[in-house]
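What follows is a short report on a single structure.
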Amino acid sequence: MPNTLLQFKPKNQSPPQDQEKNVRNINAFVLIFFVIIIAAVLTYIVPAGEYDRVDKDGRTIVVPDSFHLTDSSPVGFFKIFTSIHTGMIQGAGIIFFVLMVGGSFGILKATGALDALILTISKKLANRELLLIPVLMLFFAAGGTLMGMAEETIIYIAIITPLAIALGFDAMVGFAIVSLGANIGFMSAIMNPFNVGVAQSIAELPTFSGIGLRLALLATFYIAGVLFVYRYAKKVKAQPELRFLGNFQKGNTIASDVKLETRHKWVLTVFLLNFVVLITGVLKFGWYITEIAGLFLLFGILIGIIGKLNPNKMADSFMDGAKEVIGGALIIGFAQAILVVFQDGKLMDSVLYYASSLLSQLSPALNAVGMFFVQLFLNFLVPSGSGQAALTMPIMAPLSDLVGVTRQTAVLAFQLGDGITNSIFPTAGVLIAGLAIAGIPFTKWFKWVLPFIFIEIGISVVFLLIAQAIHYGPF
């Protein structure tokens, strides 16, 4: 495959003096495997317990005050390894979604159309590159806050990351524009049906009520996010040697003589049509990853035909694209194994019970913040917005009544705790898959984004205290 900007798998050509530093960059697979071991050890320490569950409006939710201890169910040595296979099965939907989208982008890349488009855009944006950051982050924040954009970001990462590199930034900037932008919108959740919509339904609040404070929250997060990314982008644009990724991106270049030909324009027109169909399908017909994956495969084949690729070349390009994201796809299954261990050891409900019991001991002023940190931790185990809502809100909603916190504030604590750590926890499958596509090691991203995570936590605490002070409602 020719050496193009879109070869995301990085060629680490760091000088010898940097190799010692690279040793400290723990592979994400190693990190998650150690977490699986720790989770297994906890099944021998933490008492096993369960809540009763009922079906309500098509969702399985826990019954408050139904927690009871059960027989211990420790996870044995061999089950540590079988849990990974089980995790692969449970995460199969998103795993194969990533592979199919990656393969379809492989076909698109083989046509040369995306390279030509990126070069054309980079020339037209000469000396105005930084303006792209607030514009694109606003677009992704809108997608996150209105339609819960999450898995869809994987598609955009494959486009925006190489564009950022072509504009003189690095992969970190491109990935952050998409990932942080969408997540800022997702956790602010003005009208996100997948987190605040589900949580308010369980808490018996009017759908999407309390929108005013969430609008202010979105604006605050957006400004903070843009300033964080803009500041770094401006620095590395002026001094490339300050790039957080160092020499990690050598080889991600594009030939300066690539021209946007007529066939490229047709390919890109069909690719744009793909996004129109995608948005229509998601908003009108409730499409999810199965339909989106099928759509990208269909349009990948159409693009290959228009780009004059023969069937064998299309198949080879599809496999090349899938190879580039195989690491991110596999690690989704590894991360899912952590949840498998907690479920098999019957620890999930125990963790929720002891956390909620601790909250009941706090003063009313601190309860909202305490709920936030509980949700923050639980998101490591349940990185699904609707899944975490179904698990926690049946407990948190009545608990909030008892400790002097409005239910709307409890929902706010949930959406913030659920959202922030989607940008940093290795159990967040979309994050890991996106990093694989962008060619960014998880540990490097973790170090880079950690200061912003603390900023987001600080903003969240302030807004939760405001919500508590104004009795954020209607109730």
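Glycine is treated like the rest: Cβ placed from N, Cα and C.
According to TrEMBL, the features are:
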type	residues	note
TRANSMEM	26-46	transmembrane segment
TRANSMEM	88-108	transmembrane segment
TRANSMEM	129-148	transmembrane segment
TRANSMEM	154-177	transmembrane segment
TRANSMEM	184-203	transmembrane segment
TRANSMEM	215-233	transmembrane segment
TRANSMEM	266-286	transmembrane segment
TRANSMEM	292-309	transmembrane segment
TRANSMEM	321-342	transmembrane segment
TRANSMEM	424-442	transmembrane segment
TRANSMEM	448-470	transmembrane segment
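Each of 129-148, 321-342, 424-442 was scored by its Cβ pairs under 8 Å to the transmembrane segment (448-470), and the highest score goes to 424-442. Beyond the transmembrane segment (292-309), the same-chain residues lying 6 or more positions past its ends with a Cβ under 8 Å from any Cβ of the stretch are 96-97, 100-101, 103-105, 107-108, 110-113, 151-152, 155, 263-264, 266-267, 270-271, 273-274, 277-278, 281-282, 317-318.
Remote same-chain residues near the transmembrane segment (26-46) are listed as 72-76, 79-80, 83-84, 330-331, 334-335, 337-338, 341-342, 344-347, 350-351, 426-427, 432, 441-443 (criterion: CB distance under 8 Å, separation of at least six residues from the stretch ends). Taking pairs at least six residues apart, the transmembrane segment (321-342) and the transmembrane segment (184-203) share fewer than three Cβ pairs below 8 Å and do not count as touching. Here the transmembrane segment (184-203) lies next to the transmembrane segment (129-148) in space: the count of CB pairs under 8 Å, restricted to residues six or more apart, reaches at least 3. Tertiary neighbourhood of the transmembrane segment (154-177): same-chain residues 5-6, 8, 97-98, 101-102, 105, 114, 118-119, 121-122, 125, 129, 132-133, 136-137, 140, 228-229, 232-233, 236-237, 240, 243-245, 249, 252, 254, 296, 430, 433-435, 437-440, 444-445, 448-449, selected by CB-CB distance under 8 Å and a gap of 6+ residues from either end.
Taking every recorded stretch in 88-108, 129-148, 424-442 and counting its Cβ pairs under 8 Å to the transmembrane segment (215-233), the highest total belongs to 129-148.
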